[in-house]
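> The annotation transmembrane segment is assigned in TrEMBL to 18-39, 51-69, 89-111, 123-143, 150-174, 180-202, 301-320, 332-352, 364-383, 389-411, 423-443, 449-470.
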Amino acid sequence: MYNLGDVSETVQQFVRDVGAYSIAGIAPAIFSVIALTIFTRLFSPSAFGRYSIAISVGGIGSTLLFGWLNKSIIRFGSKVDERKLIGTAFAVVIGISLCLITVAGGVYALIGNTLGPYQPFYAAALAFLLMQGAFQPIIALFRATLNSKLVTVFMCIKAVAMLAFSVLIVLFVYDHISGWIWGNVIAIVISILAVAALSDLLRTVPQINRDMLVRMSGYGLPLIGWIMGDPLLNQADRFLIEFLRGSATVGIYTSNYSLADRGLRLAMIPLLDAIQPIVIDRWNGDNQERIEELLSLFTKYFFVLAVPALVLLGALSRPLSTLLLGEAYHEGYVVIPIVGAGVFMWSLGNLGQIGLEIRERTALMSRGLIAAVVFNILVNIPLIMSFGYVGAAFGTLLSYSAYAAFVFWYSRDRIVWHLPTETIGNVMLAGTVMAAFPALLYVSDWYTHGLVVVAGVVSTVVYVSILYVSGEITDENITRIRELT
């Protein structure tokens, strides 16, 4: 039963961190959606599609080169000397960045004139890659040390600066959608400066500690396959759509995909960001049963909180697309609930894999995610050819589900991921009833944006009521949550 009466200091830390990470997620999500609303009205789906490809290349490149550092920092940040850790990380970031700038300059000299409509994006995507690579290890450090308040401050600064500078650049400096990327770059620079001003730790001199580097690389480098799998699994469909259907289709798909992804991650990422460092921090090398209990407990929380968010996202998919995106993008609203279900499965898999991370089964995780990426490409090609961007959305759902199944299967060894089956059954029942109200409106002649919003609110009350009757939520739970918050 979902009983918070026995919660310990661990769960109190979880509730506090979820609140802080929710704020850290809400601000970027709100400002990103505002930017999305503005730019889908200023630029065509074709232009937006090319922007999506460029920002994806920058994000994937940043993850490839620097993502292993982030994972290593989260893994060891609370266990080792912080200054040695961050000094080594800074030195590695600087070294990789200098090498990349040299290589990228040579590549542009050779092929720059052949890039066509993507030429204006080259420098912007490169700058975004470098700045993102510098910023993420900093955030990882504060997550690892459970300093959620500083994470919130930095993410809010970045979100506000991104919107302000993106709009200013596009409207007054450079009338091209790549200005959106330059706005992101400037926002990251401002955020890094703010971090350095507020935290003495970030003024550490870059200097490699050999033992630290060996330990970090030994853990992080085998994870590259897994780390790369995340953005590839998330964004490979855009490249396939570009090749098979063109930039305009990419623009329609990506804009609606972003609404689903950002909306649902707003509910799920704060949970994961709070859970992962807490569980890792509680691991002492010999308390397997305690870690299994924590994973099972947090999985309960995940289902209770994430399922209504998923249902509500699906219920509001059409009004969200209509109100927030330009008219040329509205037809893509049908992908929102499908992508949302995929994000749910991906987040669930990320929760379950914490046990594998603790045991440092990084090579296994990498193989599993690479297999999911290959599966994603294989199923997406025929689906996109037959059904366009709707097929791509189903490919995303199937691929994310495959990875969650992989994690569950291999978590049976050592630290076992025990699924709370009773809670899952009650939540699925409540979620199905919750979804029925808006679904009836979509298939009837009564549909209006206003009615479906009302149905969403009413169905949420019904969801909570069913969980209350089933015992998943009790008066004691409610009282305890009020005390913790």
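FYI, residue positions are counted from 1 along the chain as it appears here.
Cβ coordinates come from backbone N, Cα and C, glycine included.
TrEMBL: automatically predicted annotations, no manual curation.
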> What parts of the chain pack near the transmembrane segment (364-383), using Cβ distances under 8 Å and only residues at least 6 beyond its ends?
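Hits for the transmembrane segment (364-383): 222-226, 228-230, 232-233, 236-237, 240, 244, 353, 356-357, 391-392, 394-396, 398-400, 402-403, 406-407, 410.
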> What stretch of 51-69, 89-111, 123-143, 150-174, 449-470 shows the most Cβ pairs under 8 Å to the transmembrane segment (301-320)?
449-470
> At a C-beta cut-off of under 8 Å, are there same-chain residues at least 6 beyond the transmembrane segment (423-443) that contact it? List them, or none.
1-2, 300, 303-304, 307-308, 310-311, 314-316, 318, 451-452, 455-456, 458-460, 462-463, 466-467, 470-472
> Where among 51-69, 123-143, 180-202, 389-411, 449-470 do we find the most Cβ pairs under 8 Å to the transmembrane segment (150-174)?
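Counting Cβ pairs under 8 Å, the winner is 180-202.
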